[in-house]
Structure formats: structure tokens, C-alpha cells
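The feature transmembrane segment is assigned by Swiss-Prot to 3-23, 53-73, 78-98, 118-138, 143-163, 174-194, 200-220, 226-246, 251-271, 316-336.
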Amino acid sequence: MFLTLIAAIISFMVSAFTMPYFIKFYQLKKIGGQQMHEDVKQHLAKAGTPTMGGTVFLLVATAVSLLVSLFSIKNTQSLALISGILSIVVIYGIIGFLDDFLKIFKQINEGLTAKQKLALQLAGGLMFYFLHVSPSGISSINVFGYQLSLGIFYLFFVLFWVVGFSNAVNLTDGIDGLASISVVISLVTYGVIAYVQSQFDVLLLIGAMIGALLGFFCFNHKPAKVFMGDVGSLALGAMLAAISIALRQEWTLLIIGIVYVLETSSVMLQVSYFKYTKKKYGEGRRIFRMTPFHHHLELGGLSGKGKKWSEWQVDAFLWGVGSLASLLVLAILYVF
């Protein structure tokens with residue numbers, strides 16, 4: 001526990017100290033910044049804001065985790081666990097970095113195409129499974145204490161879980177500070193679970209990432225001076241999925257990650273309903289003012305027809321939802 005606290009403090013200090021230099025470098029080199037969605041007019045002023053800040057906090061968290069773990073790793077099993085989680089973080093971070101690089105440095109608005117990104121994510125998921133999950137012999141899902149054996153189909157579950165939540169966190173990263181603190185809330189919850197399970201190696205990784213994210217948040221809260229980019233959001237989503245698998249509490253991510261699930265579901269529902277109504281009535285109709293869900297809240301509150309919410313209001317609401325959901329999971333696991 002002491003080493004986890006040390007890792008968190010070091011990560012916070014290095015991340016908070018390094019980020020201004022990253023932002024200044026970005027501005028001095030006059031690198032193109034984040035593109036804004038024209039439908040949310042209050043976001044247009046953010047155009048050109050430095051992005052790819054996730055590069056900094058990922059490097060910091062990874063380096064600190066490896067450094068501090070040298071004093072805590074006692075066996076090869078612990079080393080395999082740490083390397084497994086860090087590997088998926090690095091792989092998905094590289095995918096996100098490539099996507100950001102194409103958008104910003106090569107001026108390719110789309111970045112990686114959807115098919116290219118999915119192919120790379122699946123390849124990363126396969127590497128994670130065959131190098132770190134399969135050797136452990138895990139082939140079942142723990143659902144409320146019951147082991148649901150999937151056999152070879154556990155491979156498809158892992159791919160769905162990692163790819164799905166990496167994209168879900170990516171969708172959540174749409175307004176200042178939302179994704180960074182939402183992930184911190186999720187990581188704190190998994191930190192409690194790891195502590196109860198005496199999985200101190202996982203706890204150390206969690207602590208390092210929490211510290212690095214809080215250092216990043218010092219510059220990502222409204223008005224944001226930097227965004228994490230796909231390099232950060234894709235890696236964070238994959239990390240949450242990997243941690244839920246490592247702790248054998250996969251189902252909990254559906255509740256702990258309720259904000260990411262809500263954001264993704266809103267997009268899927270909107271697209272499906274629009275296509276259905278266009279085919280049936282000749283015109284596409286919408287359920288939400290705009291998706292992902294945080295934009296719906298910005299444009300008209302919960303109903304979509306009320307007063308516009310500020311980014312701080314949206315943040316507070318969704319952070320609150322995530323916190324309550326996380327407390328519910330802890331209550332289910334350790335109280336009821």
C-alpha cells in the first residue's frame with residue numbers, strides 16, 4: 001500500500017510538471033490542434049487546443065509503475081500480471097497515437113479509418129489474450145460469484161471487452177475533464193477491489209495511473225489547455241478492461257463503467273433509430289439532441305429540451321453517476 005501511494009505521488013508530480021512543457025512545445029511548433037464539432041457552438045473556441053496529452057500521462061504511469069514495481073515484485077506471476085496490463089495499455093496507446101498523428105501531422109481528418117482502427121485493436125487484443133490471458137488458464141467469467149465457463153469463446157469475450165471499452169472511453173472524451181476523472185473514479189473502485197483481493201501489484205499500477213491522470217487533469221479541466229487524444233482514451237479503456245479481467249471481476253465494469261456504457265449506447269441507439277425511421281417514414285428521426293450523451297446534456301439537459309448545461313454541470317452529473325455506480329458495485333461485493 002505504501003509503494004502504491006509513492007507511485008501515485010511521483011506520477012502526479014511528474015505528470016503535472018511535464019505537461020506545461022508538452023503544451024508549450026505544441027504551441028511553439030504550431031502543430032494543428034483538436035478539431036471541434038460545429039453542432040456544439042460553445043466548443044468552437046477550443047479549436048487548435050493541443051491534444052495527444054495522453055502521451056505524457058501514459059509514459060509517466062508506465063515508467064513509474066515499472067520503476068516502483070522493482071521493489072515489490074516477488075515472483076514471476078506478479079511480473080506476468082503487471083506486464084500483461086501494461087502491454088495492452090502500450091499497444092492501444094500506440095494505436096491511438098497513430099490515429100492522432102495522422103489527424104494532426106498528416107492533416108488526414110479521419111485519421112485511421114474505422115476498419116483500420118478495428119483491425120489494429122483486434123490484433124492488439126489477440127496479442128494480449130495469447131501472451132497473457134491464455135497462459136493463465138482463464139476461460140470463465142466470474143458473475144456474482146458464479147463461474148460461467150466459456151472455453152475457447154473466452155477469447156471472443158476478451159476481444160469484445162477490450163475493444164468495446166477502449167472505444168467507449170474514447171467516445172466519453174468529448175468535454176473538458178469528463179473522461180479523465182471518470183476513469184479516475186473507475187480506477188479508485190478497482191483499487192479497492194485489488195486491495196481486498198491482496199492484488200498489490202495491480203494496485204500499484206492503478207495508483208500510478210491515478211496520479212498521472214490527476215496531474216493531467218490540472219490542465220484538462222475547463223477551460224482545457226490540453227486534451228488527451230485517442231492515444232490516452234483508447235489506452236485507458238483497454239486498461240480498465242484488462243484490470244477487470246485480471247481481478248476476475250469482469251461483470252463489474254458494466255456498472256463501474258456505466259458512464260462509458262451510457263455514452264456508447266446513446267450513439268448506437270441514435271444511429272439505429274435514425275436508420276429505422278428513415279426507412280419507415282422517409283426521414284431520419286432522433287432520440288437524443290446529439291450523441292454521445294454528454295452533448296445531449298449540453299444542448300438541453302436531461303430532457304434535451306430544457307436549459308443548456310455548462311460543461312461543469314455535465315461533468316458533475318456524469319461523475320456523480322459514475323461514483324454512485326461504483327459505490328453500488330462495492331456494496332454488492334462486500335456489504336450485501
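Just so you know, the numbers here start at 1 and follow the chain as drawn.
Glycine is no exception: its Cβ is also placed from the backbone N, Cα and C atoms.
Each of 53-73, 78-98, 118-138, 200-220, 316-336 was scored by its Cβ pairs under 8 Å to the transmembrane segment (251-271), and the highest score goes to 316-336. Panel annotation: around the transmembrane segment (200-220), residues 1, 3-5, 7-20, 23, 53-54, 56-58, 60-62, 64-65, 68-69, 72-73, 78, 81-82, 85-86, 176-177, 180-181, 183-184, 187-188, 190-191, 194, 226-228, 232, 236, 239, 243, 246-247 of the same chain, lying at least six beyond its termini, place a Cβ under 8 Å from a Cβ of the stretch. Counting Cβ pairs closer than 8 Å to the transmembrane segment (118-138), the top stretch among 78-98, 174-194, 316-336 is 78-98.
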